[in-house]
Every structure is written in structure tokens, then in C-alpha cells.
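Student: Here TrEMBL flags 12-182 as domain 'GTP cyclohydrolase I'. The Zn(2+) binding site feature in TrEMBL is assigned to CYS75, HIS78, CYS146.
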Amino acid sequence: MSEKNLQQAYAEIIGSRDDLTRPGLVDTPKRAAKAFDFLTQGYHKTVEEVVNGALFPSDNSEMIVVRDIELYSLCEHHILPFTGKCHVAYVPSGRVIGLSKIARIVDVFARRLQIQENLTVQIADAVRELTDAQGVGVIIEAKHMCMMMRGVEKQNSVMKTSTMLGSFRDCAETRYEFLALIGQK
Ligand SMILES: Nc1nc2c(ncn2[C@@H]2O[C@H](COP(=O)(O)OP(=O)(O)OP(=O)(O)O)[C@@H](O)[C@H]2O)c(=O)[nH]1
Ligand SMILES: [Zn+2]
């Protein structure tokens, strides 16, 4: 959908509730379209693009963990935000990935319409494919606005999802090490 059509769609939605000609709202369809474009920018990006070849040979075969990566996504059911933290770990086999690129991979998938379970799997699969790691673990903890601002209106529940691949799935010790490193054991 073009930027113009997106603005038109917002104008219809807002116009169904309020006076679109009042000063505070005149530019809102334009702003909202721009914001929506930003929040869904992941559709215009690929993992290959954001990683930009930042894979480096390494003999390290110990667990690498990037914890507490902030996460902002939109739930695909209500188009309301869910926000929280993502923890990503992998055990390399010959190459490591540029540190910032892990957070960029999280954003490629988070900046789309999502459910938390699928987001978790997509991040884990991408890290595995890129690094050919022995194992990958991803945990996401998030609060969903669609459960807080509306619907069941629960303010304190947190959804936790995990995907464990390779050695993280097969070996309890590896999994425990991951949980310990992110302070969850
Ligand atoms: N599993 C999962 N469910 C989600 C996620 N985000 C939102 N939901 C849920 O999607 C469900 C949609 O249920 P519906 O009954 O179709 O929609 P609804 O009438 O708006 O549901 P309520 O939120 O219960 O009012 C709700 O239970 C939401 O809490 C997510 O990331 N994962
Ligand atoms: Zn929702």
C-alpha cells in the first residue's frame, strides 16, 4: 500500500471518531502513516541485508549470550504493541556474528505484525542459519498491550516464550547455562 493510501486509511479511521479538520488532527493521518511504516519496517528488510556480512572466523566454542535486548513489536491480532526483552545465545562452530547484528536480527522480525511465539522461532532460525552454530537459544519476555489496555485488562502478566535449537535442545546443561547467564536459574 502506498504512503498516500495508508494516510487515506488512517483518515477514514480517525474520521469515524473525531473531527479530522480540527488543528490537532489535521496532520495525524500523515503522522500515523509514517509511524506505522516505521513500526513495520521489518517487511522492507532481510536478515542478509542487516547482517551485512559481519560474520567472523573464531575458534571460540563457548556460549555467547546477548541478553536484555529491548523489543518492540505489534501483535498481529489487535495491532497493539507488545514490548519486553529478548535474550539470544548460541554456541558457535567456527564463526561468530557481529554483536550489534543480533539486535538487528531481532528488529527485522519484531518490526512486523507478530505473535510472540513465531517471533521467537524466526529469530532463532535466522541465527542458526547464519552462523551454523552448534545450538541457539532465544527467550522473549513481553507484556502485551492488548491484554493490558483492553480485553482482559491484566497489567502484570508477562508472556515468556523460548526456542531451543541443536545443543540447547539436546543438552540440559547447555540450556541451564543459558538460563544462568540471563539470570533465570
Ligand atoms: N499466543 C499468543 N496470543 C496472542 C499474542 N498476542 C495476542 N494474543 C492473543 O490473541 C487472542 C485473540 O483472541 P480472540 O478471541 O480472537 O480476540 P479478542 O476477542 O480480541 O480476545 P481478547 O483479547 O480475549 O478480548 C487473544 O487471546 C490475545 O491475548 C501472542 O503473541 N501470542
Ligand atoms: Zn493482541
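Numbering starts at 1 and runs along the chain as it is shown here.
Cβ coordinates are placed from backbone N, Cα and C, and glycine is handled just like the others.
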Student: For the domain 'GTP cyclohydrolase I' (12-182), would you mind checking the mean pLDDT of the predicted model?
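Tutor: Computed over the domain 'GTP cyclohydrolase I' (12-182), the mean pLDDT is 98 on the 0 to 100 scale.
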Student: DSSP three-state call for HIS78 (Zn(2+) binding site): helix, strand or coil?
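Tutor: Looking at the DSSP assignment, HIS78 (Zn(2+) binding site) belongs to neither helix nor strand, so coil.
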Student: Once near-sequence residues are set aside, which residues in the chain of CYS75 (Zn(2+) binding site), 6 or more away, have Cβ atoms under 8 Å from its Cβ?
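Tutor: Those within reach of CYS75 (Zn(2+) binding site), by Cβ under 8 Å and sequence separation of 6 or more, are PRO81, PHE82, LEU113, GLN114, ILE115, HIS144, MET145, CYS146.
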Student: Using all protein chains in view, find how many other C-beta atoms are within 10 Å of the C-beta of HIS78 (Zn(2+) binding site).
Tutor: 16
Student: So for CYS146 (Zn(2+) binding site), how many other CB atoms are inside 10 Å of its CB?
Tutor: 16
Student: Quick check: which same-chain residues outside CYS75, HIS78, CYS146 lie with their CB within 8 A of the centre of the Zn(2+) site CB atoms?
Tutor: LEU74, GLU76, HIS77, ILE79, LEU80, PHE82, HIS144, MET145, MET147, GLY151
